[in-house]
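Enquirer: Here's the feature list from TrEMBL:
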- 4-262: domain 'F-BAR' (DOMAIN)
- 153-186: region 'Disordered' (REGION)
- 153-171: compositional bias 'Basic and acidic residues' (COMPBIAS)
- 323-358: region 'Disordered' (REGION)
- 329-339: compositional bias 'Pro residues' (COMPBIAS)
- 388-410: region 'Disordered' (REGION)
- 398-475: domain 'REM-1' (DOMAIN)
- 477-531: region 'Disordered' (REGION)
- 494-516: compositional bias 'Polar residues' (COMPBIAS)
- 552-613: domain 'SH3' (DOMAIN)
Amino acid sequence: MMSCNWGTELWDQFDNLEKHTSWGIDFLERYSKFVKERADIELSYAKQIRSLSKKYHPKRSREDESRYSWCLAFAATLRQLNELSVQREELAENLNTQIVCELTRYTQEVKTERKTHFQDGRRAQQHIESSWKQLESSKRRFERDCKEAERAQQVSDRIDLDNKTDGEKARQTAQQKKQAAEESRKDYMTSLNQFNQDQHQHYHTLVPVIYQRIQDMEERRIERICEAMRSSAEAERKVLPVASRCLEVMMDAAEGIQPRMDTRQVVEVYKSGFDPPGDVDFEDYSASMRRSISESSYLDNRAEGRRQSRKLWPFIRKNKLLTLLSSPRQPPPPPPTSPSPGGVASSPQSPPTASREPITQRLNDLMTSGSRTRKQCLRSLKRGLSLKLGSGPADCSHLPPEQRRKKLQTRINNINQEIQREREQRDALLKMREVYEQSPQMGDAVSLEPRLEEVKQSLQRMEDELRKNQAWLSEADSRLSDHGSRRQSGGCGLNSQVTTPGSSSLKQLDNRSPASRESPDGSYTEDNSAELQFKSRSSEFDDDFDDEEPLPSIGTCKSLYPFQGQNEGTLSMVEEELLSVVEEDKGDGWTRVRRNLEEEGYVPTSYIKVFLDSSAKGFVQSSRLV
């Protein structure tokens with residue numbers, strides 16, 4: 001195995017070692033920056049996940065959110081996402097504190113240590129270079145002195161041969177040069193020995209020690225990078241079990257979705273308990289069509305038709321003959337040729353929109369208006385009172401039978417819970433009073449009497465309320481059972497035989513089941529005698545007030561041009577106005593529309609663009625066959 005000692009293997013690579021260690025520290029700083037940016041990404045991801053979970057979490061608790069399994073599963077998924085964001089935030093915190101901060105501190109330490117080691121290496125290098133320079137200087141001086149001594153000796157020898165008198169002086173000069181050369185030789189030998197000693201010490205003592213320290217520093221740096229990478233992976237691995245549990249909870253929540261149960265819940269929520277309507281009676285209008293129809297006979301037939309079809313919901317439609325008679329008598333105007341049509345249609349005046357005026361104003365309008373306007377005022381007054389007085393009576397009789405039963409059952413359950421809490425509080429107060437009576441030093445038993453009396457009164461009120469709601473619930477259950485028995489015994493018995501025109505007698509009304517007297521908004525009459533008494537009223541005021549329910553909307557329309565309805569039965573509209581379509585064009589060029597459930601009339605078909613609901617359109621087509 002090859003030895004790994006920088007002092008011996010890399011004794012001549014000082015500059016390369018300096019570059020390598022500098023690059024290693026740069027790598028350390030680069031890795032620290034990488035972990036810092038990754039922690040920022042994790043933190044940003046956690047914030048985005050938390051924001052996403054908060055965005056889709058219900059702003060307020062809805063009953064529907066806690067009823068259906070798919071809503072509960074989604075809520076559980078959002079909670080687990082929030083938990084994942086918490087874990088990601090912890091991961092980012094661990095990366096910053098355990099790795100980034102530690103590596104930043106260590107980088108400063110290793111920079112200082114590296115600087116010290118290479119300063120020592122440079123000093124050792126300078127020392128050996130200085131020793132080498134001194135050796136070179138003594139060597140050159142010795143060489144110069146030797147050459148001068150040799151020349152002086154040659155001169156001395158030549159003078160001795162030519163001139164005896166000058167020979168002595170030349171010999172002395174040669175002798176001096178020789179001595180100087182000898183001294184240079186000694187200095188050269190001393191410098192040589194000193195250099196050899198310094199060089200041996202440099203390459204065998206100083207350099208190995210300094211380079212070994214640099215090698216140890218580099219190994220510690222690499223080990224620290226290893227620890228940082230290991231810590232980063234470990235920090236993320238700690239998150240995985242929690243993330244796995246969150247995903248398992250999400251999977252369990254998804255597996256917990258039960259479509260069949262949710263569809264049953266829809267039935268539980270929206271089931272009204274009403275019986276389906278029965279067959280519609282045949283009404284023969286051929287006799288009235290053969291004779292000339294006067295205005296008075298038309299009104300009589302219209303009132304009679306209202307009395308016969310007052311409660312046949314939801315298939316409530318006016319007779320086609322009455323519809324044609326009540327539609328505008330003249331053909332509709334042609335559509336304008338420009339966006340601002342002329343004539344009547346180009347009138348810039350728009351009809352007043354329906355507003356919710358005060359109830360006193362509606363009463364004044366009621367007393368000073370005609371029969372048609374009085375009917376609209378009474379309907380508006382009824383809506384205003386319902387909005388002003390609340391949602392309905394205490395016994396929930398305004399609700400459909402099934403919904404009434406569920407509402408009462410829920411109320412009874414809540415009252416039972418309140419009663420249980422009050423009883424527990426009463427028992428606790430009684431026990432505390434008993435303790436106070438046995439140990440007067442712990443408290444005054446008389447001080448608990450007002451609270452006890454308050455709890456007892458509260459219990460009494462809730463028990464009375466419970467009995468009242470239980471009685472209402474029993475009544476609702478009995479009505480539901482009666483409806484079920486009627487449904488099983490052969491339908492609701494609405495019409496068992498064909499009748500002739502004008503034959504809707506009190507007997508026929510009395511034979512109708514309660515379902516025929518019920519309406520979609522939950523109002524219905526069980527007392528037959530009361531209904532007979534109501535039916536016997538013949539005043540125009542009562543007939544107009546109890547007119548048939550508004551026709552259901554079969555679509556919407558958008559006005560293409562403004563229209564000023566000046567004839568009775570028409571409805572004014574402005575351009576780009578959205579209205580509800582309650583009756584299609586019968587071929588006469590007019591379409592029946594409604595605005596705000598209060599204003600209703602005919603508008604030219606060519607002036608609007610109709611958007612029919614597919615389900616409503618099919619319903620209208622099927623109802624025409626009846």
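Note: Cβ is positioned from N, Cα and C throughout, glycine not excepted.
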Enquirer: Average the pLDDT scores across the domain 'REM-1' (398-475) and report the rounded value.
Expert: 87
Enquirer: Tally of helix, strand and coil residues over the domain 'SH3' (552-613) according to DSSP?
Expert: 3 helix, 31 strand, 28 coil
Enquirer: Give me the DSSP three-state residue breakdown of the domain 'REM-1' (398-475), ordered helix, strand, coil.
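Expert: Tallying H, G and I as helix, E and B as strand, the rest coil: 72 helix, 0 strand, 6 coil.
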